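Visitor: Dropping a structure here in structure tokens format, bear with me for questions.
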Amino acid sequence: MSNNMDIKNICCLGAGYVGGPTCSIIALKCPDIKVTVVDLSKERIAQWNSDKLPIYEPGLDDIVKERRGKNLFFSNDVENAILEADLIFISVNTPTKTLGNGKGRAADLKYVEGAARMIADIAKSDKIVVEKSTVPVRAAESIAKILSANRKPGVSYQILSNPEFLAEGTAVNDLLNADRVLIGGEETPEGQKAIEKLCSIYEHWIPRKNILTTNTWSSELSKLAANAMLAQRISSINSLSAVCEATGADVSEVARAVGLDSRIGSKFLQASIVASYWQQVIDMNEYQKSRFTAKIVQSLFNTVSGKRICILGFAFKKNTGDTRESPAIHVAKTLLDEGASLKIYDPKVEESRIYEDLTHPLICEEPEKVRKLVSIHQDAYTASEGTHALVICTEWDEFVTLDYNKIYAGMMKPAYIFDGRKILDHQALIDIGFHVQTIGRKLHRPISNRCWSSNPTIN
Ligand SMILES: NC(=O)c1ccc[n+]([C@@H]2O[C@H](COP(=O)([O-])OP(=O)(O)OC[C@H]3O[C@@H](n4cnc5c(N)ncnc54)[C@H](O)[C@@H]3O)[C@@H](O)[C@H]2O)c1
């Protein structure tokens, strides 16, 4: 690729939640660019080439159908895709380390390193390598070291940082209408040229004023800072929800009152049993999850052993099938540890995924027990049939409009609902006869319905 030519051919390493949607949008908006998304997983690529994509994102199916086979390709042929590409996105996973130094906190960069080594082994011409995965600051330096130490004679690389800000469940809209695109690169003329080339791709649909260009380290750090500050906001509202439950205040009212202050803003002030990534605030979010499960056990007369509990929602949020760090895993694990049996339904999470999550060695020591105590169901009605309590773990829209009279009729009495996402009409449920608990708010039942309760004021 000569320095002045436009990008004609893009390769993306990693066909996951970021690589798949991002490249589909680029293919949609840049019909003259050939985009090839490659992955080491044969199964994932086969799914991208089938009618049932490996990830669920509203609007994504239509875009993939429109561009696939024209200028959008999914392949396991990593070698050819790298050889042909002018620009390569690294969108591989960066999970939290489970071993060694930084275990449970630091990002494991082994897949990023593997991707860089693959590029160095294969490439025979100049490439712009774009770090899209979320990485610690100065990871681009490590990528550059691997590339330069292993490069073929005459091949040169420019490394850019272009972190992704999409959120699962709204990925298509986030990509089409990004608040900003951030591109960091070297402050050399070559670095600036590479930045311009990546800018010209995004300029097909993002206004130039929304494309920020910075040095590499500012770009890397901005992504981490944005994650940290979002997680802090979630922690703040989670901590307030505990205060609300103790005082009689309502966290939704408090969030609205506080969020109307334009210096603060209303986004990310919804209390829920969310999980979070950032260590400084993780404890607060862990506390929120344990508080919620403790409330379930306490309400069910302090024991759930032998009881059947329905879990509605297993994804970490609505409109995705992704379960990584989902609070449902924590809720299910705690209830299983307490001896409950679980009936689980999620509209988009596969049965095999749920069993894999619950039998993961970090979650359980007895996989046979999980298989015995957990059953997966195809709808909320069969999942709730015969259960003592129903727990909302994901805020799927369809859970709001279920026929709760029908659900109530099929449940054991007293019938409990624990709304971990604050999405249901609690008064309507209380009127049906349910005992309702939620986050950040005390709910009272009329005295006549309370006589059986172990707790005279909170049900
Ligand atoms: N998921 C999100 O909402 C989100 C949002 C912003 C940023 N990110 C970041 O983007 C990165 C990717 O996240 P994701 O959710 O798409 O991950 P993912 O696990 O869904 O997908 C990553 C894919 O990369 C593949 N892979 C690993 N090594 C490879 C290699 N050498 N060559 C080709 N493929 C390889 C894996 O098989 C996997 O399919 C992570 O760093 C993540 O932190 C994710």
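Note that Cβ sites are derived from N, Cα and C of the backbone, with glycine treated the same way.
Take a look at what TrEMBL says about it:
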- 14-19, Asp39, Arg44, 92-96, 133-134, Glu168, Arg324: NAD(+) binding site (BINDING)
- 310-426: domain 'UDP-glucose/GDP-mannose dehydrogenase C-terminal' (DOMAIN)
Visitor: Looking at the binding-site residues Asp39, Glu168, which sits with the largest number of other Cβ atoms within 10 Å of its Cβ?
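Guide: The residue with the densest Cβ neighbourhood is Asp39.
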Visitor: Using DSSP, how many residues of the domain 'UDP-glucose/GDP-mannose dehydrogenase C-terminal' (310-426) fall into helix, strand and coil, respectively?
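Guide: When I sort the residues of the domain 'UDP-glucose/GDP-mannose dehydrogenase C-terminal' (310-426) into the three classes, I find 42 helix, 19 strand, 56 coil.
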Visitor: Enter the number of other CB atoms within 10 angstroms of the CB of Asn93 (NAD(+) binding site).
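Guide: Step by step: centre on the Cβ of Asn93 (NAD(+) binding site), count other Cβ atoms within 10 Å, giving 17.
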Visitor: Do you know the mean pLDDT across the domain 'UDP-glucose/GDP-mannose dehydrogenase C-terminal' (310-426)?
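Guide: Per the prediction, mean pLDDT sits at 95 for the domain 'UDP-glucose/GDP-mannose dehydrogenase C-terminal' (310-426).
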Visitor: Count the Cβ atoms, other than its own, that fall within 10 Å of the Cβ of Tyr17 (NAD(+) binding site), considering every protein chain shown.
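Guide: The answer is 22 other Cβ atoms.
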Visitor: At a 10 Å cut-off from the C-beta of Gly14 (NAD(+) binding site), count the other C-beta atoms across all protein chains.
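Guide: Looking across every protein chain shown, the total is 26.
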